[in-house]
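Here the structure is laid out as structure tokens; the discussion comes afterwards.
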Amino acid sequence: MLAPVVNPAGPGQTAVLDLLNLLALIGFALGQRRKARPVTLPLLLPLLLIAAGSLLATAGAASLGATGLTLAQDLYLYLWFVMLVSLMHERGDLKALRVAWFWTASGVALVGLIGLPRAGLTELSGLAGPRAAATLYNPNMCADYLVLSVFNALSLADQVRARWRGLSLGLLLVALMATKSNGGWVCLGLGLAVWAILRIAAGGAAAPRIAGLIAVVLATALVAGWSLWEGRSGEAWARRMVARTYLVRIEHSSDTREAIWRGLVSDLRRSPLGIGPGNSAARELAIGERLRPDSFRAKEAHSDYLAYAAERGPLGLAGLLLATAAVFVRVWRGGAALTRRSGSARRAAAIRAALLGALVATTVHSLVIEKLHFRHAWLFLAMAWTLTGAPDQPWRVVASRNGLGHAGRGTRWRGEGEPAARPAARLVTGTGA
């Protein structure tokens with residue numbers, strides 16, 4: 001649960017957590033030599049496409065140092081993900097881990113609010129003033145962590161008392177406001193819409209309450225909007241409110257990102273195979289194109305998808321999109337596995353809705369920030385991948401025809417009482433192990 005604790009930061013945005021993770025990876029690798037259980041390499045096919053695109057793009061890289069650092073980060077995070085999936089596979093519905101995340105996120109949100117000079121509503125929502133980053137590198141990274149934490153809290157229905165979940169959700173939302181991240185709010189709203197639809201569709205006692213809450217919120221918004229419109233002061237009031245809050249930053253942020261993306265598209269036309277991993281921020285800009293008054297260096301891509309397209313070429317982007325689709329398909333079709341893990345169809349429905357809502361939120365957020373190097377994003381991915389795998393043999397399908405790593409026709413799982421194929425550890429690969 002140290003994933004969000006990355007300050008103080010070391011060279012290349014390393015943290016104390018990374019040293020602990022490296023020691024854990026070494027111990028895990030040594031321990032596998034004495035175990036019969038195979039080690040999986042989830043999402044291997046997409047990762048091979050990304051690797052191929054990265055290697056091809058390296059030929060045109062302006063900064064080999066930035067390329068080497070980026071590829072080393074990629075390898076480290078993927079190996080950490082593999083280790084997490086392997087260690088989680090026998091832990092049921094991961095309640096202990098999700099509860100630990102729940103309390104850690106509440107603590108991180110509290111640290112972010114305490115670190116602000118003032119925490120009134122005006123200061124939290126105002127354009128001026130500091131942005132909360134808590135224990136993370138920057139406010140956008142903090143916002144991303146808080147958004148995923150909201151869905152983690154929603155997954156704990158019937159597993160954590162409602163009053164604690166309510167208090168934590170309120171704290172997370174206030175802290176998200178303090179980050180002043182418009183992108184965080186947009187992706188949270190879209191994710192919550194998906195979560196609500198799935199929860200209502202699943203039925204159960206929670207469905208009427210969620211539908212009623214949505215109806216109250218919509219009715220209140222409609223009545224307030226109608227009242228302002230009839231009073232002929234709605235437009236002026238809305239303009240004044242937007243001007244006083246960080247919502248006005250949307251236009252400035254959009255202009256900045258448009259300038260960054262325009263430069264990357266131009267570079268991609270000159271280097272269709274990619275400009276090299278990590279080289280978005282290594283570009284030199286002309287005087288009239290500067291994004292910083294004191295530097296000619298470009299900024300990072302501010303979009304995972306555009307970064308992969310520009311830095312790793314079409315193969316890299318194809319690998320990223322294939323990996324995203326594979327995770328969505330696995331979670332969408334993982335209801336049966338979740339029910340077996342949690343022992344309750346109602347609890348499985350709550351977890352599945354939260355996972356899909358979080359996936360939508362994080363996928364949308366990747367449109368406006370680069371988050372594939374966030375440790376908490378890989379921790380969430382490992383949890384989602386594990387939860388939607390069969391509990392008796394979640395580490396690998398012995399034979400799979402669907403290519404996305406979930407049980408289907410033509411698939412055989414090795415049962416709990418079935419002996420291992422051989423005593424030595426072995427690697428099993430596939431698009432979705």
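Including glycine, each Cβ sits where the backbone N, Cα and C put it.
Lifted from TrEMBL, the feature list:
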TRANSMEM  12-31  transmembrane segment
TRANSMEM  43-62  transmembrane segment
TRANSMEM  68-87  transmembrane segment
TRANSMEM  99-116  transmembrane segment
DOMAIN    168-320  domain 'O-antigen ligase-related'
TRANSMEM  169-198  transmembrane segment
TRANSMEM  210-229  transmembrane segment
TRANSMEM  305-329  transmembrane segment
TRANSMEM  349-369  transmembrane segment
**Non-local residues, at least 6 beyond the ends, that sit with Cβ under 8 Å of the transmembrane segment (349-369)** = 93, 140, 144, 147-148, 151-152, 154-155, 157-158, 183-184, 186-188, 190-192, 194-195, 198-199, 202, 204, 206, 253, 257, 302-305, 324, 327-328, 331-332, 334-335, 338, 342, 377, 380, 384, 387-388
**Item:** Recorded stretch, among 12-31, 43-62, 68-87, 99-116, 169-198, maximising Cβ pairs under 8 Å relative to the transmembrane segment (305-329)
**Value:** 43-62
**Chain residues outside the transmembrane segment (12-31) and at least six past its termini with a C-beta under 8 angstroms from it** = 2-3, 5-6, 69, 73, 76, 79-80, 83, 86-87, 137, 373, 375
**Prompt:** What same-chain residues lie close to the transmembrane segment (99-116): Cβ under 8 Å, and 6 or more beyond its ends?
**Reply:** 1, 4-5, 123-124, 129-130, 132-136, 142, 145-146, 149, 152-153, 156, 159-160, 165, 167-168, 171-172, 174-175, 178-179
